[in-house]
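As annotated by TrEMBL, transmembrane segment applies to 12-36, 43-66, 92-113, 120-138. The domain 'VTT' annotation in TrEMBL covers 31-139.
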Amino acid sequence: MDLLVDYGYIGLFIASFLAATILPLSSELVLGALIINGLSPQLLVIVATIGNVLGSLTNYALGYWASQIVLQKWLKMSESDFVKAEEKFNKYGLPVLLFAWVPVIGDPLTVIAGVMRVRLVWFLILVTIGKFLRYYVLANLLLV
């Protein structure tokens, strides 16, 4: 984690990208450390959002091109995780992607969006809004 903090904005981008994929990494800790170190909170929010959205786009691509069985094995998603994400997606529709930042269910939602062939433009708009708001709120809480 210290290595990512040492790299500043680039470290946050990497942490945010990886945190949105299958790797269990906390971009929030890197964001907090960099705010404490005096880097621009506004720029940090933008960098974290871009990295996290691109990580989610990776999940979308996996869902788009891989089968459910391959996804369950490769992403270590249980069938019940996959089914829960699919049920939420079907029940609430596209707006559920605003919650792609939520731990545990968020990453499977972005994979399911790919499996269900959600239009890429809507995927990017909704995921970006949700992830931006998450980092914006976190940054402002750290500044208080």
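Every residue gets a Cβ built from N, Cα and C, even glycine.
Nonlocal intrachain contacts for the transmembrane segment (92-113), taken as residues 6+ away from its ends with a CB within less than 8 angstroms of a stretch CB, comprise 20-22, 52, 56-57, 59-60, 62-63, 71, 75, 77, 81-82, 84-86, 122-123, 126-127, 129-131, 134. Secondary structure counts, DSSP: the domain 'VTT' (31-139) has 88 helix, 0 strand, 21 coil.
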